[in-house]
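What TrEMBL says about this protein:
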- Lys184: active site, proton acceptor (ACT_SITE)
- Lys184: N6-(pyridoxal phosphate)lysine (MOD_RES)
Amino acid sequence: MEFIDLKAQYQASRELINGRIQAVLDHGQYIMGPEVAELEGRLAAYTGAAHCITVASGTEALIISLMALGIAPGDEVITTPFSFIATAEAIVLLGAKPVFADIDVATCNLDPTLIEAKITPRTKAIMPVSLYGQAADMVAINAIATRHKLPVIEDAAQSFGSVYRGKRSCNLSTIGCTSFFPSKPLGCYGDGGAIFTSDDELAQAMREIRVHGQSRRYVHTRIGVGGRMDTLQCAIVLAKLERFEWELVQRNQVAAAYDALLSGRCGLVSRRRDRSSAFAQYTVVLEQRERVQAALHAAHIPTAVHYPVPMHLQPAYAHLCAADQCPVAERMAARVMSLPMGPYLSQLDVREVAATLLKEVDGIEEEAAHRIPAANAA
Ligand SMILES: *Cc1c(COP(=O)(O)O)cnc(C)c1O
């Protein structure tokens, strides 16, 4: 069993992918070839955002967004401590300070009720992450941002394709950023990412920043980066888009099967009724994670922990946030575990994963039940 079965996914779209790759090899425009604009048009239409700018990776998408917003040394950006490190890294790379607001224990996304207390005159943006595939509370976050005249960047690296109150993730705030890292819901076969916005000026700035700040050939009107996504990777995403909606349905069916077997019997990251998930991950919450993980490992069932250490406790970031400021993130970092997930995971595999997991969880509960009377007797 694979944690995410990329080979099965390739086999399902093999002809389309090979054909798209061959077309690029034939026309030879490896950088900014026709597939780049084609993909940007398709993705903008898909999300409903006016603009899509493809970039070299999800990390680059975050960096270019922050650069376009003019984030500079001394500025503060409010974000979640419970994400892949790239979220905070992008902020720190621009010389700004990530200010971590704690997460909601149910969804593991930024808790909007904790944001306002973190706003200072130096705050220049809010950067929520739509973790595991489910959008953060964007309406509440946008309302706070509007009150304080702040832009919102959604780190949607895990949530491309999900819907929040009728709108697609990536089109829920000033800027949305996603990643086409191979294991993300919509992945390429290398690195890639995209930025979405409906703000014409920001879009223009981000297009220029992507190519070294060029407004015209060899005219550099701003400081930029080498941040393009190559034509081959765009071609691969175009091919994979054909089955993407079907794959989202399959992911949701896998999640529904896990839900049916696990809910009420072990902790789960909850999902809100007003939004769907792209199920980048299906994540359970366990009191004795290491033990359950070892049992699954022994049964050759792969698992992963996203993420074992919250960002404010990472060695390079610890000085940015007092150790006790995000107790919920710390609690969840010690308890979350993601199960095999993907559009090609069979119902048989789902049942095997759930049965192995529940056997261990039930064993732990039984032991605890036996220990209590013993302790009372002593
Ligand atoms: C994967 C990921 C990124 C980084 O994307 P890359 O394409 O790997 O650079 C950023 N944020 C989150 C939440 C991610 O999951």
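Glycine is treated like the rest: Cβ placed from N, Cα and C.
Here the Cβ of the residue listed as 'active site, proton acceptor' has 23 other Cβ atoms within 10 Å, regardless of which shown protein chain they belong to. Under DSSP, the residue listed as 'active site, proton acceptor' is assigned to coil, being neither helix nor strand in the three-state scheme.
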